[in-house]
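Remarks on the structure that follows.
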Amino acid sequence: MVRILMSLATIAILFGSTMAANHTVGAPKGRWDESTDLTTWAASETFLVGDSLIFVYSPNHDVLEVRKGDYDSCQTTNAISTNGGGMTIISLSSTGKRYFICGTGGHCASGMKLEVNTLATAPVVPPPVSPPVKSPVSAPSPKVAPKISPVSAPSPKNAPKISPVSASSPKSLAPTPKNAPKSSPAASSPETPSLSPSSSDFVPTSSPSSSPSVPSSADKISVIASSTVGFGLVTMMLFFM
């Protein structure tokens, strides 16, 4: 049982030493001096229990661990520890903040100071969330307007022929002698006297008792016949003379 416990302790030590990290102060672009921005460097690092700080500097510098008040005021007389020789290794064995300054006069006020915050475990950094990939929205295709076939105007050849309406001439309106309607001869010719009786054809009688006699149709015919014969005889005589 003791051997098992010792083996587990050895594994834990080896595993811890394997996981520990060494932090060279100011590296890779600088070191423990006045020209390096030590505050920015410390903010870019993660310090865990078991890690180590390595200070590399020139002989005119040193490393003093101080308390918070002396750190802020650059006070060098109440240092927790003083280190020199060009290289100093500080083991971070517990959690919490620790403060380091340079003891050379004026160097702390020039920025040669370091604040380290040691954590028990590394903070879990959530993986970056990649934004959802949006599928490209295809632009709507323009609507194809229906093609309207142009209406062809009728050519002069194919145009319907409109016969002109001929105006009626004055001559066509008047009847020609040939086209004039033939008037039917009247019942009475110029040679034939009118059958209508006139007042001169009748001679009233003086008889007061009897009414005037009306000539009969036979009398009228005889008068007409005699007149016609007489006119014909006169015409013949004039022709042979």
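Even glycines carry a Cβ here, placed using N, Cα and C.
Feature annotations, courtesy of TrEMBL:
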- 135-147: compositional bias 'Low complexity' (COMPBIAS)
- 174-218: compositional bias 'Low complexity' (COMPBIAS)
- 21-120: domain 'Phytocyanin' (DOMAIN)
- 129-218: region 'Disordered' (REGION)
- 1-20: signal peptide (SIGNAL)
Report task. Provide the three-state DSSP residue tally for the domain 'Phytocyanin' (21-120): helix first, then strand, then coil. Result -> 12 helix, 35 strand, 53 coil
Query raised in the report: Which value does the mean pLDDT take for the domain 'Phytocyanin' (21-120) in this predicted structure?
Result: 96
